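Engineer: Sending over a structure as structure tokens; questions will come in a sec.
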């Protein structure tokens, strides 16, 4: 997809952009590179649920973000880093004010930070009219995080390598009950743990899709975090359930919204969650399409 259009940069107009969650429907770790990065085979699917970024482009050079993340400087914020990376790649010196309505938990395995970075790249490329295509934006995003490219490209995908080799996929669009145990898990803590499985055999996509979906991180996460173990055990009483990413979120899959809502109502006091639908086209792409048609 090409983002080129005939628009001039769009200043001082509030625009709203979705920043959806993702699930890893399966996640296998097949090796580790000399630089420490892990080789993966994973299946990404988006959810129709996530944060919202309200972005106003400006003709000043300032990039401002509200609210700030406690303990994180503006320059270390992934949203700021994405905006600055786009400026570095294109030479533009335009600015933006970005408001974030944050509902995705940090340390949950839903890709919230990566999704925020991707939405920033896609939105500002449109608002600033920097004319990069999605492949180039994905390349910029990869330097910000391994999960950023899938959010930029906007389609559910089978991913290999460190997550950057993406093959479009169309898993069934099921309903999910996503729960968040009361713990935040840093990805680096799981991927550096000596007991993490790192030698799962590589398989063809056909074989993976036909098999039982699992997550190689789940065993060690459940051992290290009893809250996650308790959540998985509770959900398994009702439906197939597993960890997404490195956690801490755990999801159960259902064939209908009614089934998922019924179990949501049964959640114990110690577990919080939400119901969302798996979607194979990111809500971000629909929003970009609507904006882009204004500039044909």
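Placed from the backbone N, Cα and C atoms, the Cβ positions cover glycine too.
Under the heading active site, Swiss-Prot lists 22, 147, citing sequence analysis as support. Residues or ranges marked as ATP binding site in Swiss-Prot: 105, 106, 107, 108, 109, 110, 111, 112, 113, 114, 115.
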Engineer: Distance check, please: Cα of residue 22 (active site) against Cα of residue 111 (ATP binding site), rounded to an integer number of angstrom.
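Structural biologist: Here the two Cα atoms are 6 Å apart.
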Engineer: Near residue 115 (ATP binding site), which residues of its own chain have a C-beta under 8 A away, given they sit six or more steps off in sequence?
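Structural biologist: When sequence neighbours closer than 6 are ignored, residue 115 (ATP binding site) has 19, 20, 21, 22, 50, 51, 104, 147, 151 within Cβ distance under 8 Å.
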Engineer: Quiz question: given the binding-site residues 105, 109, which has the greatest number of C-beta atoms lying within 10 angstroms of its own C-beta?
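Structural biologist: It comes out as 109.
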Engineer: Counting Cβ atoms within 10 Å of each candidate's own Cβ, which of the binding-site residues 107, 111, 113 comes out highest?
Structural biologist: 111
Engineer: Taking the mean position of the Cβ atoms of 105, 106, 107, 108, 109, 110, 111, 112, 113, 114, 115 as the ATP site, which residues outside that list, in the same chain, have a Cβ no more than 8 Å away, listed in sequence order?
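Structural biologist: Along the chain, the qualifying residues are 21, 104, 245.
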Engineer: Under DSSP, is residue 109 (ATP binding site) part of a helix or a strand, or is it coil?
Structural biologist: coil
